[in-house]
């Protein structure tokens, strides 16, 4: 998937295929089968890719030099952590598959994806909170910046200031050991997803007076960091 001058498009070798308008808002929801069909539609009848124009030798040489010069400055792409929508789909896909199944006829992935997208669009903000919270925690723990695969140049880049923990993160840090211990069954390891869901549930139900100490601590840490970093 490439973000080009005129929007997102699929790139496979020398083939460029447009993305359907209804999937532009969330390209991660596009089924692999649909992507392959879009590429196949762009191929010649004999299965070959469209012939590309021959570039002048000088232009090719210049391009190779530029590629070699910048290759060392490119950082490898970081693995994306799942966003809120992907976590929602992961949880609800089995139920949607089962509901759409008729006799022994296999359910089309396109139909499942459409139904999940419809449910996500209609979800209440309060119900969406747990997916947003889980996505944020996974992103924070992985140390990645979702959706931003950046390349660096030879020039020195000023390092980003380290974020101080917010109220929710401080709450999770304090209560995670207790939740881990409570959810543990025999010697079976507790899934991080289950712990995060329980922490999100508790945070949502917390009294404003109990939340005050986390808000105050988060503000204090942020202020201290700003003072120490200077102007």
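Heads up, residue numbers simply count up from 1 along the chain you see.
Cβ coordinates come from backbone N, Cα and C, glycine included.
Fair warning: this is a prediction, and the values are worked out from it, not measured in the lab.
Per TrEMBL, region 'Disordered' is recorded for 41-78. Taken from TrEMBL, the feature compositional bias 'Basic residues' covers 52-67. Look at TrEMBL and you will find 78-150, 161-231 tagged as DNA-binding region. If you look up TrEMBL, you'll see 78-150, 161-231 marked as domain 'HMG box'.
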Integer average pLDDT (0 to 100) for the DNA-binding region (161-231):
86
Helix-strand-coil residue split for the DNA-binding region (161-231), DSSP-based:
53 helix, 2 strand, 16 coil
DSSP-assigned states of the domain 'HMG box' (78-150) in counts, ordered helix, strand, coil:
49 helix, 2 strand, 22 coil
